[in-house]
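Taking it in order: structure first as structure tokens, then the write-up.
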Amino acid sequence: MKPRALVLHATGTNRDGDAARALELAGAEPEIVHINKLKAKEKNWKDYEILVIPGGFSYADALGAGKLFALDLSNYFFDEVSEFVAAGKPVIGICNGFQVLVKSGILPGKEKDGKVILDKDGYKNRQATLTYNKQGRFECRFTTMIPQKSNCIWTKDLKGNIHCPIAHGEGRFLTDSQKTLDDLFEKGQIALVYGGKDAEKSIPANGEYPFNPNGSLADIAGICNTKGNVLGLMPHPENNVVIRERDSEEEKERTKLCLDMWKAGVNYVL
């Protein structure tokens, strides 16, 4: 039986179909569900084994990218989301979805009695943020990510770099302190970093533009929680999962790695 995946939709999200297609190719049974159906109890969180928060511009990015969507999760679904994460179910937030995970407090993640502490006020428990790109403009192009040694169930077994598009204006990852950044490294929560001009040698961007497209601290492209089941990243792996006959062998391998990341999340619950 295929694992059921909840692709969460809110006004303004626009990568729902792309994420659903990637999940199908990876062996899951995705369902795109508007958040209002969950509020109305027409759908039940417990019916799903995987959660995807896709990219887009939820609620037109009012009050900041992902902010209102994050407040939806932390205020309407505090218990449901906490239980979903605590159960070890795979969760992935992409671009706007990453912003939602960070601004709700799900990432980097504070826990109490085995449950994640969501940020109902939108700032009190926040250890990190995703803010305006350092270059001050929207970035839309392909980029390279280097998987790191981490706890992340989505990325830890990938062999090779991930090549996929970015499309964001607020992707600069920052922490509230050097200690928080150090803790992320020490606890194995840095899942992906942007690769530099020598990315094939696993050398990060070292802050250099355009390889680090937004000025993120330590070239961070994606982080996970301490348990490793929740991943947030700015680039879009759902947009490079279809292998075409005309592609070169190198391009096919790059596409395979994006799909392998989705398969890792799906296979985790099989």
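Yeah, the Cβs are placed from backbone N, Cα and C, and that goes for glycine too.
The structure displayed is predicted, hence computed values, not measured ones.
For CYS95 (active site, nucleophile), the number of other Cβ atoms no farther than 10 Å from its own Cβ, over all displayed protein chains, is 30. Annotation source Swiss-Prot lists active site, nucleophile at CYS95.
Its Cβ placed at the centre, HIS236 (active site) has 23 other Cβ atoms within 10 Å. Annotated active site per Swiss-Prot: HIS236 (among others), in sequence order, evidence recorded as sequence analysis.
According to Swiss-Prot, the feature active site maps to GLU238 (among others), an assignment based on sequence analysis. With a 10 A radius on its CB, GLU238 (active site) counts 30 other CB atoms from all the protein chains. GLU238 (active site) falls within a helical segment according to DSSP.
What Swiss-Prot records for 5-251 is domain 'Glutamine amidotransferase type-1'.
Each residue contributes its Cα atom, and for CYS95 (active site, nucleophile) and HIS236 (active site) those atoms are 7 Å apart. Averaged over the domain 'Glutamine amidotransferase type-1' (5-251), the predicted model reaches a pLDDT of 94.
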